[in-house]
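Taking it in order: structure first as structure tokens, then the write-up.
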Number of protein chains: 2
Amino acid sequence: MKFEVTILGSSSATPVYNRNPTAQLLNCNEKFYLIDCGEGTQQQLIRFGIKANKIDFVFISHLHGDHYFGLIGLLSSLHLNGRIKPMKIFGPPALEEILALQFQHSETVIRYPIEFVATQADKPVQIFENADLTVETIILNHRIPCTGFKFVQKKRLRKLIIERLEADRVPVEYYPLLKRGADLDLPDGSTLLNADYTTDSERPRTYCYCSDTLMDERYFESIKGADLLYHEATFLQDMLERANQTHHTTALQAGQVAIATGAVKLLIGHFSSRYKALPPLLDEARTVFENTELALEGNTYSVP
Amino acid sequence: MKFEVTILGSSSATPVYNRNPTAQLLNCNEKFYLIDCGEGTQQQLIRFGIKANKIDFVFISHLHGDHYFGLIGLLSSLHLNGRIKPMKIFGPPALEEILALQFQHSETVIRYPIEFVATQADKPVQIFENADLTVETIILNHRIPCTGFKFVQKKRLRKLIIERLEADRVPVEYYPLLKRGADLDLPDGSTLLNADYTTDSERPRTYCYCSDTLMDERYFESIKGADLLYHEATFLQDMLERANQTHHTTALQAGQVAIATGAVKLLIGHFSSRYKALPPLLDEARTVFENTELALEGNTYSVP
């Protein structure tokens, strides 16, 4: 099952050096989840040849403009381009008012349903569930209320070994129980052992998105054991004081978070405009956590 | 004196084919006036190597998103990049509330003064004046209140012919009066004829910006005799019905407006996403008004 994230924006605060403010597109089993939506996200989607109408869910971490100024334009364009299927948006409570005010004054009545779900940045809760995954908030420590998002794939049903089932003439009405992992006692007194007829399904994987935050142990429990951890790394460690003042993280700290929480792989982004070249940030994170990559725009990273 | 406009965005409604929503930068005597500000305008400024901080005045025609969704991001970035000089914004009354709500929820206190001047779309009035020009609203006919803007250079003082003044030993204290065009009666009973010592200054020029509108004779008086007329031309004439429904103009009509109002030169823009190639729009406008050009992003057009 596809579980991968495409970077649409990797810049902090302002666009610079052809880097756009934060936005990511998560593809889980060909359903598309937009995570944050800085200005120009719809242009980035066009640039990378991604149809915006594939997105059915939007998750906004907080109301600093570099994480959401592109949302109103994206929603408007979907309307103008004839979208009719619903869109579900998760974000801080005031986001609904901000969107509504702008629709009101353009006299736009969006022709597809928008369901808005307000997030709270007080304690981690599950905010979404479908057949593929659940989404929980991660309570980050930023200057304004800010939540990350943890996308957890669901444990899938066991895979049937069809050739063996057919060879042994196991009736198809038993298949659903076998998929759920049961051994079957047959009317003739014999037993079908599940292990003979199924294999384990893919291990469910987890993607954690930590947008803007001070390094703070209080959210470590939430992101424990992430297969792919995206963590902001706005500064190099020599700017630690500035990072603390602005409630951001250094590349070194992002690596430390990855170690402390047992991540499999780390993706760093939200780069300050002071860094034209990004390799120093990567090198610094790798001094503590080797399996790190830069979140580069247009690149897609599979959740390992 | 420089009087020229650079196109930052030329698309209607949605970004498409690498065309951005509407924005223009007018340079009058090295003062910079931003006219409309679609999403991604700050990225376009970077792309074309223009420092956003040079802009001191913003004019927003109306509250359809393709004309203003980029403003909040531009203002935020100027703040983050350390601007301290004031910014003056002209636009529909609700724009102030929309900006304020977004600053409030990002807990941003903009560190440079923003002066907001509400425009009204009922009758044309002068809304701005400085040493170089005046700006008047143009009352357009769109689905929501919409004003264009007429930038009129001021008549400049006459130019002194310094060599002649010095040769005739005309005292410098007479210079200001001569610049203003006066003949001078001297104490000895003689007269200095202005025409002997000055030449006429540059003819004041006019730039008219008509963003989104039905062709409507009621605004013709406002834009009469424009040296450069920017007029939207969203559709070709075969889409006239659609243009009427959506309160837009065809390329043919834009040419007709230019003729009817005696424009010197016509610039057409606000192209519908249905047109990948733009020459057909240019050709159509030129069938009625030869001196027409396409508003192409990154290009600068001098007011003739």
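Cβ coordinates come from backbone N, Cα and C, glycine included.
What TrEMBL says about this one:
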type	residues	note
BINDING	A:HIS62, A:HIS64, A:HIS142, A:ASP212	Zn(2+) 1 binding site
ACT_SITE	A:ASP66	active site, proton acceptor
BINDING	A:ASP66, A:HIS67, A:ASP212, A:HIS270	Zn(2+) 2 binding site
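Here the features listed in TrEMBL are painted onto the structure.
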{"residue": "A:HIS62", "record": "Zn(2+) 1 binding site", "DSSP class": "coil"}
{"residue": "A:HIS67", "record": "Zn(2+) 2 binding site", "DSSP class": "helix"}
{"residue": "A:HIS142", "record": "Zn(2+) 1 binding site", "DSSP class": "coil"}
{"residue": "A:ASP212", "record": "Zn(2+) 1 binding site", "DSSP class": "coil"}
{"residue": "A:HIS270", "record": "Zn(2+) 2 binding site", "DSSP class": "coil"}
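Listed binding-site residues (A:HIS64, A:HIS142, A:HIS270) with a CB under 8 Å from any chain B CB: A:HIS64. Highlighted in sequence order, A:SER12, A:ALA13, A:PRO21, A:THR22, A:ASP36, A:GLY38, A:SER61, A:HIS62, A:HIS64, A:SER211, A:GLU232 have their Cβ within 8 Å of the centre of the Cβ atoms of A:ASP66, A:HIS67, A:ASP212, A:HIS270, the residues recorded for Zn(2+) 2, and are not part of that set. Around A:HIS142 (Zn(2+) 1 binding site), taking its Cβ as the centre, 21 other Cβ atoms fall within 10 Å, counting all chains.
Listed in chain order, the extra residues whose Cβ falls within 8 Å of the Cβ center of the Zn(2+) 1 site residues A:HIS62, A:HIS64, A:HIS142, A:ASP212 are A:SER61, A:LEU63, A:HIS67, A:LEU140, A:ARG143, A:ILE144, A:CYS146, A:SER211, A:THR213, A:HIS247.
Its Cβ taken as reference, A:HIS64 (Zn(2+) 1 binding site) is surrounded by 25 other Cβ atoms within 10 Å in the chains shown.
Of all Cβ atoms in the protein chains displayed, 28 besides its own lie within 10 Å of the Cβ of the residue listed as 'active site, proton acceptor'. Cβ neighbours within 10 Å of A:HIS62 (Zn(2+) 1 binding site), excluding its own Cβ and spanning all shown chains: 26. Of all Cβ atoms in the shown protein chains, 28 besides its own fall within 10 Å of the Cβ of A:HIS270 (Zn(2+) 2 binding site).
Neighbour density for A:HIS67 (Zn(2+) 2 binding site): within 10 A of its CB lie 27 other CB atoms from the protein chains shown.
The two recorded residues A:HIS64 (Zn(2+) 1 binding site) and A:HIS270 (Zn(2+) 2 binding site) have their Cα atoms spaced 13 Å from each other.
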